[in-house]
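J.: So TrEMBL has the following annotated:
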type	residues	note
BINDING	261, 310, 311, 312, 313, 314, 315, 316, 317, 371, 372	ATP binding site
COILED	471-509	coiled coil
COMPBIAS	32-46	compositional bias 'Polar residues'
DOMAIN	232-557	domain 'Protein kinase'
REGION	510-606	region 'Knob domain'
Ligand SMILES: Nc1ncnc2c1ncn2[C@@H]1O[C@H](COP(=O)(O)OP(=O)(O)OP(=O)(O)O)[C@@H](O)[C@H]1O
């Protein structure tokens with residue numbers, strides 16, 4: 001194979017020979033008629049002195065570089081065979097496919113033996129084996145998980161590994177294409193303002209206290225109670241005639257924040273009622289507010305039931321969030337006010353998933369209402385107030401299947417209330433449905449009707465409903481994955497920021513240490529002096545008129561180069577302009593490390 005290819009490659013070169021040699025060469029090639037697999041490989045005659053004596057072709061042709069003679073034989077890259085010129089051409093087997101090349105061995109990736117490569121290396125740097133090895137080296141991806149895709153076959157000795165460039169900001173994940181260049185540097189590096197503000201407000205809400213409050217100091221192990229109810233109008237219809245009050249409180253056991261729901265005036269007559277909520281503590285679903293504990297307590301001067309759940313700061317009920325039943329009149333409602341179909345489907349799928357977990361655990365939500373579904377984030381809803389009814393109506397003994405079907409009805413009514421903006425869709429289902437039909441497509445309308453009529457069909461279950469809305473479930477799942485991707489992108493930015501904070505902290509530790517003879521002994525000479533100048537270079541730049549330059553991008557760029565220890569050089573000039581240094585970031589990095597080690601050795605261990 002190599003011979004054929006070589007011949008076909010070399011043949012045109014004869015065209016550049018002088019005319020007198022050309023004809024001779026032509027005659028020779030004619031005598032051999034045509035090239036075939038048995039043709040000997042072309043070897044320039046002047047290579048071997050012995051052959052050279054017999055040769056009729058002289059190396060006089062200055063147009064052929066002597067280097068060309070020692071060029072490696074042509075070998076198609078895909079087919080890597082051992083260089084074995086002594087192997088006779090293999091006859092094509094009847095079973096061999098047409099495209100198979102005679103003599104070419106099948107390529108089987110295997111661990112390359114470095115010693116064999118060294119031996120080859122010493123003899124011939126251009127052997128195909130060596131080429132193959134190098135091809136492998138160039139393909140190596142230091143980021144690849146070696147356990148994947150047979151990458152373990154190509155693991156290189158550690159000496160060949162490239163260091164990963166951690167200083168580089170790789171723009172991974174989804175991105176906003178509408179950014180103007182000047183907005184980019186800051187935006188690309190930090191959490192978006194909206195997200196930061198949202199998180200900070202939530203943290204502030206979690207830490208909020210109510211000084212001089214009349215509320216009890218402690219309820220069991222919970223303290224610092226802050227009421228979360230925004231209205232004094234309490235509906236008693238939800239919890240079987242009892243009023244409920246909601247407080248944020250901090251646990252003295254672990255410092256975390258929780259919500260205490262107080263069911264006012266509830267008298268426990270059967271211990272089993274409290275025990276019956278035990279299974280709720282094991283319910284884990286992203287669409288359910290987690291139950292933590294249930295107990296009775298008299299701190300409010302009466303006998304009350306307390307249900308402790310997770311706290312989701314700044315969340316609102318669906319009714320509050322969409323201002324259901326007050327202020328917004330359906331007739332005058334603009335399409336902007338209208339809850340979009342996508343959002344409604346998102347609520348349906350999240351609550352259906354929550355109900356599935358509850359029902360499959362042998363429980364029923366029993367409370368599903370616009371005032372008991374929490375909106376804890378953008379389009380994120382969670383079932384709230386679960387387990388309360390299990391205690392309050394423990395004795396009622398309503399069959400579970402009936403309670404579960406009622407959950408389906410309540411789900412339909414809740415979504416209908418949001419879509420039609422009516423406080424209680426159960427009071428006039430037909431009217432609410434008429435409003436609903438004006439805004440939403442038949443698929444969603446049908447789902448509402450299916451849920452509402454669940455009590456009339458004994459066999460209706462949440463699993464059936466989920467099967468019916470499977471395409472919406474998939475859309476919701478996809479949206480959740482996108483949201484997850486976005487969060488990962490934000491997370492990646494924060495990783496870089498944390499690294500820069502550590503570097504800045506280090507730099508500030510070592511710059512200007514007054515305890516070392518007012519810094520003279522520490523930073524007025526040697527490496528640390530140029531670190532001091534570097535600090536000026538990064539943070540204290542002034543323009544040609546001596547005005548301070550406030551440029552975050554400059555600082556970030558310097559810090560990243562410093563962290564990576566690049567070879568780029570900076571010119572550092574002392575404040576009195578008497579000293580000038582040209583140092584690379586690599587040297588600066590080294591100096592910082594050694595100064596920090598030095599400082600560390602003097603430090604008091606804590
Ligand atoms: N787990 C929780 N985390 C954070 N806030 C909550 C939590 N549970 C309830 N809240 C908030 O407490 C407030 C009162 O909740 P509640 O369930 O009592 O609703 P409501 O509208 O007052 O209903 P009701 O009339 O039945 O009392 C709401 O603003 C709600 O957002």
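Backbone N, Cα and C define each Cβ position, glycine as well.
What TrEMBL says about a protein is an automatic prediction, not a curated fact.
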J.: Using a Cβ-Cβ cut-off under 8 angstroms and a sequence gap of six or more, which residues of the chain neighbour residue 372 (ATP binding site)?
T.: 238, 317, 383, 384, 385
J.: Cβ distance under 8 Å to residue 313 (ATP binding site), same chain, sequence separation 6 or more: which residues?
T.: 201, 202, 203, 205, 206, 257
J.: Can you give the largest Cα to Cα distance in Å, as a whole number, for the residues 261, 310, 311, 312, 313, 314, 315, 316, 317, 371, 372 that bind ATP in the record?
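T.: Taking every pair among 261, 310, 311, 312, 313, 314, 315, 316, 317, 371, 372, the longest Cα gap is 17 Å.
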J.: Need one number: mean pLDDT over the domain 'Protein kinase' (232-557).
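T.: Mean pLDDT for the domain 'Protein kinase' (232-557): 90.
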J.: List the helix, strand and coil residue totals of the region 'Knob domain' (510-606) as derived from DSSP.
T.: 49 helix, 12 strand, 36 coil
J.: So if I draw a 10 Å sphere around the Cβ of residue 317 (ATP binding site), how many other Cβ atoms end up inside it?
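T.: Residue 317 (ATP binding site) is surrounded by 19 other Cβ atoms within 10 Å.
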